[in-house]
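What TrEMBL records for T196 is active site, nucleophile. The substrate binding site annotation in TrEMBL covers R224, I225, G226, D227, T246, G247, E248, G249.
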Amino acid sequence: MGGWAIAVHGGAGVDPNLPPQRQEQAKELLTRVLNLGISSLRSNASAIDVVELVVRELETDPLFNSGRGSALTEKGTVEMEASIMDGTKRRCGAVSGLTTVKNPVSLARLVMDKSPHSYLAFSGAEDFARQQGVELVDNEYFITPENVGMLKLAKEANTILFDYRIPTSAYDTCSAAIESPLVMNGLPINVYAPETVGCVVVDGEGRCAAATSTGGLMNKMTGRIGDSPMIGAGTYACEVCGVSCTGEGEAIIRGTLAREVAAVMEYKGLGLQDAVDFVIKNRLDEGFAGLIAVSNKGEVAYGFNCNGMFRGCASEDGFMEVGIWE
């Protein structure tokens, strides 16, 4: 075992013209949650506890698209989803269609620990949340003025915005009349920036875990489920590694992206970074995505095929990095 390692992400696909102030805000948040995870690992917390802790913190901050600050459906509401996986015995929990649960990742953890199932959705997940006594809030808690504005922009463009965060002051320069060369599921992407959050950890005992949480696509159809709660697609952990993905959900689902990293490590004998690079290059077809990963040897890696990914990573040997671009 090579000691503990941790990585976090705040979404792949970043607007090239994202203002410097917004970039710094993102880096500060990533640094804060990374240090939170590092502190817990130094206190001998388990990998599964650390990924839940870090993702809860990201869900509570409205900067990224998870928990408070989630993208809005076509009806102007929030429907969130999350998953968590403990690699030691490949235990997992996932939830979708949440509208009142303050921290979706913690409900996913309860599905794993306190239910006979792996995945609960919509009214069943909400009922389970009430039974478990988790903190509930009104749907309005998750809605931010910025996202209300972005939903209006999405409806004007008559499209789904895969990536959507542009400061309010930039609305007039991101008119729906402007055609974008970027596409998502065959539709134009008129605004391009980050989404989903995630965390992967290997602890001092070599145990790997992963967790992912998101509000999904701006202006999505109600009931749409993306890759984030899907074990093997957006999230995966086993004895070898832990992986969390971000990007075009439908492409990640088709490529079973997170599981593929583990598979090529297990079956092709690739190291962690080589496995990440192989999967990003060969399993996305024409999709755009990124991922973070850790191995049971204490390695940490990331990869993406778009123009940026909000990420941070650190390891017990003193390495630490927070970045956005290549």
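Using the three backbone atoms N, Cα and C, a Cβ is placed for every residue, glycine included.
Over all protein chains present, the Cβ of E248 (substrate binding site) has 28 other Cβ atoms lying within 10 Å. Across the structure, G249 (substrate binding site) and the residue listed as 'active site, nucleophile' place their CA atoms 10 angstrom apart. The substrate site in the record is lined by R224, I225, G226, D227, T246, G247, E248, G249, and its two most distant CA atoms lie 16 Å apart. In this structure the alpha carbons, written CA, of T246 (substrate binding site) and T196 (active site, nucleophile) are 6 Å apart.
You'll find the Cα of D227 (substrate binding site) roughly 10 Å from the Cα of T196 (active site, nucleophile).
With the residue listed as 'active site, nucleophile' as the anchor, the candidate binding-site residues are R224, I225, G226, G247, E248, and the one with the nearest CA is G247. Counting only residues at least six positions away in the same chain, the Cβ atoms of E81, T214, G216, L217, G234, G249, E250, I252, I253 sit under 8 Å from the Cβ of G226 (substrate binding site).
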